[in-house]
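What TrEMBL annotates here:
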DOMAIN    1-57  domain 'PH'
DOMAIN    63-173  domain 'Arf-GAP'
DOMAIN    381-480  domain 'PH'
DOMAIN    489-665  domain 'Rho-GAP'
DOMAIN    694-787  domain 'Ras-associating'
DOMAIN    800-902  domain 'PH'
Amino acid sequence: YFRIGIAICLVEMQGSTIREAKGRSFELITPLKIFSFGAESEREKREWMEALQNSIAETLYDYEVAEKIWSNKANRFCADCRALNPDWASVNLCVVICRQCAGQHRSLGSSISKVQSLKLDTSVWSNEMVQLFIVLGNEQVNRFWAGRLLPSEALYPDASTEQRRDFITRKYRYGHYRLPHPQYSSQEHLLQALCAAVSGPGLLKMMLQFFAATTEGEVGCYEAVSEAGRDRHQSGPSSLGAEDMSPEGVYNEVTQPVVRCGYLHKAPTVTRLAGAKKSREEFQRVWCSLEKCLLFYESDKSLEPMGKVEMEEVMSLGVNRIYAPASPGSSDRLPFTLDLYLSNDRVQPLGADGPDTLQSWASVISKWFTPLCCHCLLSYEFQRVGRLSYKSMLNPSRWLQGFFVLQKSHLFICPKEGEGAAEDSINLRQLQELTVVPLAEDPEKKEMLVLVEMGRTFHLQGASRLDFSAWCVAIQASAGGQGNALRDQQLSRSGIPIIVNSCIAFITQYGLRHEGIYRKNGAKSRIKALMEEFRRDARNVKLRISDNFIEDVTDVLKRFFRELEDPVFTTYLHPQWKEAAEITEKPLRLEQYKKLISLLPHVNHRTLAALIGHLYRVQKCADLNQMNTKNLALLFAPSLFQTDGKGEHEVRVMEDLIANYVHIFNIDEDQVSQMDLENSLITTWRDVQLSQAGDLILEAYLEQKNPDRCVTLKVSPVMTAEELTNQVLEMRNVAASVDLWLTFEVLENGELERPLHPKEKVLEQALQWCKLPKPGSAYLLVKKVPIKEGSCLFTGAKRESPKCGLLKCREDPPRLLGSKFQERYFVIKDRKLLLLKEKRSAKPEREWLLDLAKVYMGIRKKLKPPSQWGFTLILEKQQLYLACTGPSELWDWTTSILKAQVGPEEQQQWLPMPLRNGSLSADETPEGA
C-alpha cells in the first residue's frame, strides 16, 4: 500500500503533542491515542520530531488571510529583510514581515509596532484591513519607511539577531530611513497617529491618505482606488470612507471578477487539436465584452454580438506565451494567445497584442468561471486553469470534482465546494511518475493521468478528450525541468536534481575502481547528447554501463554544475566563502562552513550534501582510483564556484568539505560504517548494483537458485527480511496460502544457509559479503519452511526451560573439543551457548556469547559430518560445527539460537503486523507447535 500511496490509517494531528522518550524513541500524543515510535538514529529521531511539530503547527494555521494578502506580489517578501513568504504583519505600520523580524518588532512594544500573525490571529483581520494590505503592499509602504535607505545598510534574510534588532529599531523607533511626512514633525507623533488610526473608524481611508501624502507620486494610488469605487457605484464623493462604501464592498473590489471589455484577436472555433498553431491571417480583430457571458462584436460601436461563450460551456483556459521567435516561421503566428476549451470538444482561440494584455484578459476570464478559492493564484502568470476529476490517496475509490491551476512547476488543486476535500498542491518537479494510462473498465476507453509525488498518488481525468490531452501536454511540459537554475530541475525523492542523483549512483556503482575518475574526459558529442536527454526529461534517462561511458557521465555531472544559472555555493555568499577559507584555526573555519551551508537554499543545501558525500566516498577508494581529496577539490572547485579554474580559496573550501564531510554535515557513525561496507562490497563484487536512490540492487531466488526463479529488487537500509519475503512472493505472483515463507542467506554455493529473523535488516547482512573470499557465491533465497519448525520465530513466548541436549561437535581452530566430532552436552541460557561436562554439571567447561554469532544450517561436506543434519556457528574468532539427529532437532536448535540473540524484550518489539500469505502473527501458534 505504501508504494501506491495508500495509508493504512490516518492520524489527525490537531490537538496533538510530541514527547521525547528514552533512547531513540518518542511519542505522539493525540486526543484519542498515544503512538510510540523508534528511529534508526538520533538524527532521524530529531528530523521526525521536527517534522511532526511542524505538522501540528500547520493544523493551527488558517491560510485564507495570508493567501489574500500575498496576492499583492510585494507582500511575498518581508518588508525588512526580503525573506520569502512572510506570515506576520505590523498592522499599524502596514508592513508584512517574516517570523524573525516579527520577534524584533514585538520587542519594540505595541506603542510602536502591533504585531499579528497572518495565519493564527485571523480574528483581527477584518475585510477592511485585508483590503488595506492588498492595496498598499510592502513596496508602496517601504517607499515611505525606507525612502532614504542606502543599499549598503539594507537587511538580508541571513542577518543575525543583533543586526536585525539594530536595523528595525533605527527604521521604526527612530525613523532614520523614512521620508518626511507633511502632517507630523516628530517620529513620536507619527507613531501615535498610526496606532490611533488602526483602532479607529475609517481605517482604509485614513491609511491610504497617510501614505499618499508622503510623496506626490503616491497620491495617484489613493485617487485610483477612489476612482474605481466611484465608477462602480456611480456616487459623487471620491473618498473611500465608510460612508461611501462598506468594508465588504471594498474587499470585493479586489476579490471579485470585474467586468472587462477591449479588443482581442479571434479565430474560428476548432473541434480537434491542430497540427500547427494558427497564423495571424486566421485571426480577426474583434471587440470583446465580459459580463455574464463573453460576447464578441465586430467593433466597439456594434450593437449586436457576432458570437458568445457562456460560463457553463468553459472547461479550461490555456495561456500561451512566446517571447522570442523559436523558428523563422513562428513570426507569422500570434505570440500571445488564449485557448478556451469548451464543452463538446471545441476550442476557441483568442489572441492578444502583448504580454500585459494577455495576462489581464487571462486573469479576468479565469476568475469569471472559477470559484473564489482560485482567485489569489490567478492574479499572476499561469499556464492553465480549469475543471478536472481527480482521485487522491486519501480517498482512492471516489472521483472528486475540482478546479486546477497550473502555475510554473506547481499544480494547485481547489476542490469543488461540498466535496469535503482540502486544497492541495503538487510539485511537478518532484514527480517520481508521470504516466497516461487507460481507465480500467471504461466503455469509452478514456484515459487518466497518474502523478506520483513523494509517495502521494493522484489520478486526473478530463471531461473531454481534447481538454484532457491539452492538460497532459501542459503538465508534462511543466514537469520537464526547463531552465538552468537548481530550483527549476526535476527533483528526486530526496529533493536533489535527478541528473545529480543518476550520475552519482552510476559513478558509485561503476567508477570507484576507475583510475583517474573525474580527471579523464569523455567525448564531447556524447556528453552533449546525454545533457540534452537529461534536459528533456531526466526521469526517463536510464544510465547503463553497456550504453554509457564512465568519463561521459563524470563530465556531465561537472558540466551541469558549471552551467547552473547561479552556482551551488551561490554568488551572493561567494565572498563569505572566501573569507571563511582564510580562517587559520581549523575548528573555527569548519564552524563557519557549517554556518554558510545553513544559509543556502534548501535545494542547494541538499544537493551540496549529496555531492560532497559522493566525493568523500570516492576519495575513500583512492588506493584504487588514485583520486585523493586534493585532486577532487582541484577538479570540482571551478564547477561548483564557477571560477573558470581560478581561486585557491575555493579549492581549499572544497578540500575542507570533502575531508571533514562527517563533521560538517553531521553524519553519524552508523552511516559512515555503512558507507565503508558498501564501498568494500562495490569494489570487491563486480556484480553489485545501485539504484538512483542509493539503494543496493540484489538478486533473490524463489525456492532454488535458478535463473528462471530470480527476482531483482532494491534493498534499502531499512528493509527487513519479512518485507523482502513478501515483495518476492508478490513479484512472483505466489498465491496466498497458510504456508510459511522465510528468507535465507546462502553461502558456500548452498552448503550453508541461515534463516533471517523476520525483523532482521537484510542490507546489514548483505554488506558483510564483501569480507568473503568470493562475495558472488552468496545470495538470498526465499523458500517455504515447515510451520511447526519455523513459526516460533513469529512468537514472543519464552521457553519454559532452556534449550539443551546432546550434539556431536568439533571446533576450528581446535582447542578443547579437538578436530574430530565428539558428543557433548550443550545448553542455551542467558544469550550464551554453554558446554557442560555432563548433564548435571553446575559449572560449564566452556561458554560462547551468542550476541554476535551467526548460525547457519549445514556443515561443509569436506569436514565429513556424522549426520546430514547439522549447523555451523560462526563466532568472532572460532567456528563450531554441531551435528543433530534429525530436521526437527536442527530447526529447534537454530531458532532457539536466533531467539536467544534477540532476547524476550526485543522479541516483543519485533512483533509487527501479520505477514503475507497466511504467515503467523505474534499471538497465533499452529496446532501441534
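Every residue gets a Cβ built from N, Cα and C, even glycine.
TrEMBL labels come from automatic prediction, so no person has curated them.
Residues of the domain 'PH' (381-480) grouped by DSSP class, helix first, strand second and coil last, total 17 helix, 48 strand, 35 coil.
Across the domain 'PH' (800-902), DSSP classifies residues as 19 helix, 41 strand, 43 coil. With a cut-off of 8 Å on Cβ pairs spaced 6 or more residues apart, the domain 'PH' (1-57) and the domain 'PH' (800-902) reach fewer than 3 such pairs and are scored as not touching. Between the domain 'PH' (800-902) and the stretches 63-173, 381-480, 489-665, 694-787, the greatest number of Cβ pairs separated by less than 8 Å involves 694-787.
Each residue of the domain 'Ras-associating' (694-787) gets a DSSP state, and the totals for helix, strand and coil are 31 helix, 34 strand, 29 coil. Taking residue pairs at least 6 apart in sequence, the domain 'Arf-GAP' (63-173) and the domain 'PH' (381-480) share fewer than three C-beta contacts under 8 angstroms. Residue counts of the domain 'PH' (1-57) by helix, strand and coil are 16 helix, 14 strand, 27 coil (DSSP-based). Across the domain 'Arf-GAP' (63-173), the DSSP tally of helix, strand and coil residues reads 60 helix, 11 strand, 40 coil.
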